[in-house]
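Quick look at what TrEMBL annotates:
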DOMAIN    34-112  domain 'POLO box'
DOMAIN    134-216  domain 'POLO box'
Amino acid sequence: MLQQLNTCNAAKPSERGLIRMEEAEDPACVPIFWISKWVDYSDKYGLGYQLCDNSVGVLFNDCTRMIMYADGDSLQYIDKMAAESYLSVRSYPATLSKKITLLKYFRNYMSEHLLKAGANITPRDGDELARLPYLSHWFRTKSAIVLHLTNGTVQINFFQDHTKLILCPLMGAVSFIDEKREFRTYKMSLIEEFGCCKELASRMRYARLMVEKLLACKSSTPR
């Protein structure tokens, strides 16, 4: 992904005379998963999030993770060693009781208080067969939160204007949710060719720095 961003940014896509940004759009490259809601309680418990398919997850401060699937019943628990186990809200070991209670709390809070990013995007046929990723790493800066899913997707949510960037290395694509909450997906190779607006170009330059930081963060910490 870093190489894709470097190549795209080096082309200076917002500085050319004729920018045909619509030519760089590729709706077929819309990501299968992105983070539609999140809430940071890492001062006590961890970071909770909802994916676009309505599944909910928590990355706890002890580096364990729990996911509730969109059916509201199936659970997946990932321990510190990345060993996965599958449970149900009706049947689980007593040792996980507190974490399941917290997961439900996160889910209810996000359901009641937060807007869903990308809510107008219709899933493609077959998307429901994809393996559900979970949150691998995250960090905050003064201006954004950076979230890295286990399928390789990196999402950057900017605090000031609520714009969002979703980078998918497998598709070589970037999705941009703008201030009007409009969701558009572009191929990076086509941005190099046809250019893009200054708003997207500046965020892609920022994204390169964040991916570098993410790589450094992953190599030095377990979170």
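Using N, Cα and C of the backbone, Cβ positions are placed for all residues, glycine too.
These numbers come from a predicted model, not from an experiment.
Confidence over the domain 'POLO box' (134-216), given as mean pLDDT on the 0 to 100 scale, stands at 96. Helix, strand and coil content of the domain 'POLO box' (134-216), in residues and according to DSSP, is 26 helix, 32 strand, 25 coil.
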